[in-house]
Amino acid sequence: MEPAPELLFYVNGRKVVEKQVDPETMLLPYLRKKLRLTGTKYGCGGGGCGACTVMISRYNRVTKKIRHYPVNACLTPICSLYGAAVTTVEGIGSTTTRLHPVQERIAKFHGTQCGFCTPGMVMSMYALLRNHPEPTLDQLADALGGNLCRCTGYRPIIEAYKTFCKTSDCCQNKENGFCCLDQGINGLPEVEEENQTRPNLFSEEEYLPLDPTQELIFPPELMTMAEKQPQRTRVFSGERMMWISPVTLKALLEAKSTYPQAPVVMGNTSVGPGVKFKGIFHPVIISPDSIEELNVVSHTHSGLTLGAGLSLAQVKDILADVVQKVPEENAQTYRALLKHLGTLAGSQIRNMASLGGHIISRHLDSDLNPLLAVGNCTLNVLSKEGERQIPLDEQFLSRCPEADLKPQEILASVHIPYSRKWEFVLAFRQAQRKQNALAIVNSGMRVFFGEGDGIIRELAISYGGVGPTIICAKNSCQKLIGRSWNEEMLDTACRLILDEVSLPGSAPGGKVEFKRTLIISFLFKFYLEVSQILKRMAPGLSPHLADKYESALQDLHARYSWSTLKDQDVDARQLSQDPIGHPVMHLSGVKHATGEAIYLDDMPAVDQELFMAFVTSPRAHAKIVSTDLLEALSLPGVVDIVTAEHLQDGNTFYTEKLLAADEVLCVGQLVCAVIAESEVQAKQAAKQVKIVYEDLEPVILSIEEAIEQKSFFEPERKLEYGNVDEAFKVVDQILEGEIHMGGQEHFYMETQSVLVVPKGEDQEMDVYASTQFPKYIQDMVAAVLKLPVNKVMCHVKRVGGAFGGKVFKASIMAAIAAFAANKHGRAVRCILERGEDMLITGGRHPYLGKYKAGFMNDGRIVALDVEHYSNGGCSLDESLLVIEMGLLKMENAYKFPNLRCRGWACRTNLPSNTAFRGFGFPQAGLITECCITEVAAKCGLSPEKVRAINFYKEIDQTPYKQEINAKNLTQCWNECLAKSSYFQRKVAVEKFNAENYWKQRGLAIIPFKYPRGLGSVAYGQAAALVHVYLDGSVLVTHGGIEMGQGVHTKMIQVVSRELKMPMSNVHLRGTSTETVPNTNASGGSVVADLNGLAVKDACQTLLKRLEPIINKNPQGTWKEWAQAAFDKSISLSATGYFRGYDSNIDWDKGEGHPFEYFVYGAACSEVEIDCLTGDHKTIRTDIVMDVGYSINPALDIGQVEGAFIQGMGLYTIEELHYSPQGILYSRGPNQYKIPAICDIPAELNVTFLPPSEKSNTLYSSKGLGESGVFMGCSVFFAIREAVCAARQARGLSAPWKLSSPLTPEKIRMACEDKFTKMIPRDKPGSYVPWNVPV
């Protein structure tokens, strides 16, 4: 085989020809680094987040059709693109040409915040529209199922793209003739108050129409190439790897014969992650290209034969067509496969992964192989020696040599037989998330009865996720042959299968008892569903099923359907150009949607730029015995390796060590940094650094271990109000309890990133970073380099999400990179991979709350004694502040007359946990709400009644003796009760629960009072700089960081109001310590407030200075006023400053005025749970908030919704797993699940109270970004109510030990029944668990 001279494909309509191709190159770095198309983003590198989505188009010479489909560029080898047309976000529209409607609508519907995920969203939707110009809502949800967003909560994205759907209208409540945006209470429109107008969040008449004729045409050259059907195998050779692309079946078999160990790669979704994450290397890869025999679709009298080269998306489409055409009795297996194909991965992976690759990979959690195994499927395999058939059975799945493919064979096709009359095939799965998540357990089950007799003739049951491969319960099934289909058979089957499909207590993946329960819960579902079918076919054969059991037959599907948004009215007397109070689009929204928004790693490489990669500790607590750098230093491209020894006394900054010196304190601690010419060279060399460790004791991982070892960061914090001990003596009842709450990964879409550029003179250094705290980077870099701070400047254009995770961690990276940059006089770039980021950086603090409550029988809590413990990790970071804020906010909406709360930050051997949105309140508030809920249960009262009876009075005092006016708390609560129709729906929920046994619903309403402030005047100061240029344009700079919350947009709104000029006249370049020095970190939802007051101050200074000129020419323009000022030597620049609110707290006295104001609200959520699987769906959520006067309702609603969904994830599905050795397992989207589009409430309603009072804040506004996280616990408590209802129906005590998150595992195991009692349980201490709680 001769090497191919060139690789030819198209990108955005432009021809690309590569003559020297490295087969190890993926499309993503090629687009970004080679073609400089940086709109396609790196999010995870494993196909799990969708940030790198592009569209690929190929011409099929057989069908004469062009296929458009989305793929993950991070997993797409560039060698696989021969003859393809690639379309990126830049190729469909731009601000300099024309916007595509897909780009325009997501921006105008306020569907972008940080914007990092937006290009991927845009391309997924674009690919859908190329195939379905008027998609259905189901197709829309399916298309976006592989795209993650951490900011928006998805609602505005769906609303934007619903406008393309067949059923799309801006509302779905048209019976009364009113738009959903104008719905009032009970569907009646609200009466507008005089002198007020309601601004629309978006305007439908402004949409650009979708015009398919304006799309990029498929390159004719590629059609001609495809029609010619080239016969020559293409071979691309790199330094380490050879890529072979046969174009005929004969050539493929020849290649496989020559290189029998080479994997056959179609979509690279299995081999690719193995190479990237497991270090598996393949010197030769065989990748067939458009071989017709591998794409066959053949119908025979016995069934359907599908080519192994078909993508899973194609298989899904084929099966959907087949089930419409063949009789239902013949389509059982096809329907079951379709069910799993709808949730398997995301659309991008399904379009890349092939049927054959999925089968051959034999992953233990494969969704299709259990079904194919029970369906009596056959594999047709080929080699040069000929063709043969292999049964897809247990032996094949367990890789028995005699039942497997030989090394020189390839899988050509799969035969899937028709099912028969009296034969039933069903599919089951349960995952942490409904879509785009690997199954915890899945199953395929098939039964065949004798003609009309109800006797089992054949039975096949397979499970995935419960062993090293797919497990077939062959022996159990054999013993059940000849049995009647009844409950006695079911009971026997459960016991047989539990014996045969045994899981050791230390099984990988953990959740052992849950998996055991799912094994037989699925079997029971199979029994019920088959019984129901038999009831329809032959009523006499079916065992009797109670009506209340029928709900078990339906899976939970909660597709988002609609929302209502009730923001505030704008005073009609407001100047028309005054944008304050209007839903102004995020000013980077369009740039987000076109890929033109520049993030740090989008910046072009600096001349002679170096790359930095870290070596991290694999031990939780160990002594560094020796470090051998010689082999790593000898590798090509390696320039240097930085260790703690090089940094000397600059290695410690405050409490943080930049690099480990003699001892490591956690897995993931930075030990040294490799500096090399390229990213690949740096990462390869990092693997060759040899470090010898000696383990040390103790290794403390959990809060309980820290308490036992008295391992705390000092000091203890304490607040006390009243006399707790005396109050306990006079109460009616006392209860004690505790709750453990797991941590949370920030999962910002843009990973930690830094670029340090030495300026070449005076030791000046420019640092570009994705950070919330540029001043801290400036200070740390200056300290490490022993320079005055004025030599170091830190610049931030925008940040692709942060949530508190980019306050301190980026500073360590920047300081080490700066040391190397300074030493070598060359720029140094460092971009963490997703797994590195999650391993190194820490997240939200896990919490343990212990409480003792004394209360009266009417629910009034008289005394409360609470202890808070947080898992701080191995260094202090912000752990003390998190404990302090948790204590100051722990009482939430309630006045406890006697309160004592104490808090400790635990020192453990985990990566240091840090700031996270909410800053202690999501944990502290949950502890209090759990206590309230338990009190209600003890009193026999409803939780909402006990909550209301303990509310703050209108004028009251907090435990730290700050005065409070809680009028809006009560108003939010009452409005939420009314708007959610709480009491009516509670009756409906009770009725539903009485009529259903295996499905239960829960309804919960939670209030909140979120204090806003930083507890210090110094932390609240802010500054700004405003320039007016002679053409009348304005440049504004301030100290806040744009990380998705829209602070730059709000600052321009402030300038527009104050200077009475259009927003289009105002520009903001970014944030820099060069223009605004000595800034505080951006966080705590105070960024717009504090910096806005500084901007306002600067504008007022300018206006005062220019007052004589403006008075002299009141009808003039800013251009005229600026020129006149210049002529009179009047400065057109002004700094603005805000000193911070008067806030303080004296911890010794336990009193002070730490907060400027309070944000009030309430959230009501309704859920439905599946008691057999632990699955849940959120049916509806209503949120009412007091936001003061909203500066920008669109941005503020986005903050509320995004925070709520993030909080919902925190309390339900986001789960971190650590090994007993302290190793974090959850290092990417495949292991750690944040909410996806499938998880949001089916109905979401957000209401802002009208502004009710003037305040000292910016235009009487309130910060909202943090408070909304806690509202997610309304879903948590709704799940609790549903579980309690299930337990009561089973005669169990309703209260049960709560912990967060309430995952499917915890929900299922709390719904105790005969199946949970049937499973074997391992004695604690008899095995080493796979994971441990921390």
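The count begins at 1 with the first shown residue.
Note: Cβ is positioned from N, Cα and C throughout, glycine not excepted.
Annotation comment: Swiss-Prot describes 5-92 as domain '2Fe-2S ferredoxin-type'.
Around the Cβ of C44 ([2Fe-2S] cluster 1 binding site), the number of neighbouring Cβ atoms within 10 Å comes to 25. Secondary structure from DSSP puts C44 ([2Fe-2S] cluster 1 binding site) in coil. Feature annotation from Swiss-Prot assigns [2Fe-2S] cluster 1 binding site to C44, C49, C52, C74.
Annotation comment: Swiss-Prot describes Q113, C151, A802, F803, M1043, G1084, S1085, V1086, V1087, Q1199, L1264 as Mo-molybdopterin binding site. With a 10 A radius on its CB, A802 (Mo-molybdopterin binding site) counts 29 other CB atoms from all the protein chains.
According to Swiss-Prot, the [2Fe-2S] cluster 2 binding site annotation covers C114, C117, C149, C151, on the basis of similarity to another entry. C117 ([2Fe-2S] cluster 2 binding site) carries neither a helix nor a strand DSSP state and counts as coil. Sequence-distant neighbours of C117 ([2Fe-2S] cluster 2 binding site) (same chain, 6+ apart, CB under 8 A from its CB) are K41, G43, C49, G50, A51, N147, L148, C149, R150, C151, M749.
Among the features that Swiss-Prot reports, domain 'FAD-binding PCMH-type' is placed at 236-421, with the record citing sequence analysis. As a whole-number mean, the pLDDT of the domain 'FAD-binding PCMH-type' (236-421) in this prediction is 96.
For V264, V265, M266, G267, N268, T269, S270, V271, A345, S354, H358, D367, L411, the entry in Swiss-Prot reads FAD binding site, with the evidence type similarity to another entry. The Cβ of S270 (FAD binding site) lies under 8 Å from the Cβ of A353, G357, H358, S361, H363, each on the same chain and at least six residues away in sequence. Under DSSP, S270 (FAD binding site) is assigned to coil, being neither helix nor strand in the three-state scheme.
Feature annotation from Swiss-Prot assigns phosphoserine to S1064. Annotation for S1064 (phosphoserine): no spatial neighbours, criterion Cβ-Cβ under 8 Å with sequence separation of six or more.
The active site, proton acceptor feature in Swiss-Prot is assigned to E1266. In the three-state DSSP reading, E1266 (active site, proton acceptor) counts as coil.
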Which of C74, C114, C149, V264, the listed binding-site residues, has fewest other Cβ atoms within 10 Å: V264
Among the binding-site residues listed as C44, C114, L411, A802, the Cα nearest the Cα of E1266 (active site, proton acceptor) belongs to A802
Cα nearest M1043 (Mo-molybdopterin binding site) among binding-site residues (C44, C74, C114, N268, A345) -> C114
What number of additional C-beta atoms lies within 10 angstroms of the C-beta atom of M1043 (Mo-molybdopterin binding site)? 27
Of the binding-site residues C52, C74, V264, A345, which one has its Cα closest to the Cα of V1087 (Mo-molybdopterin binding site)? C52
So what sits near L411 (FAD binding site) in its own chain, CB-to-CB under 8 Å and at least six residues off in sequence? V264, A308, G356, I359, I360, L379, N380, V381, L405
Kindly assign L411 (FAD binding site) to one of the three DSSP-derived states: helix, strand or coil. strand
Cβ atoms within 10 Å, counted per site: which of Q113, N268, S1085 has the most, among these binding-site residues? Q113
Using DSSP, what is the helix/strand/coil residue split across the domain '2Fe-2S ferredoxin-type' (5-92)? 18 helix, 31 strand, 39 coil
Which number gives the other C-beta atoms within 10 angstroms of the C-beta of C151 ([2Fe-2S] cluster 2 binding site), all protein chains shown included? 28
Indicate the candidate from C52, M266, A345, L1264 with the smallest number of other Cβ atoms within 10 Å of its Cβ, considering only these binding-site residues. M266
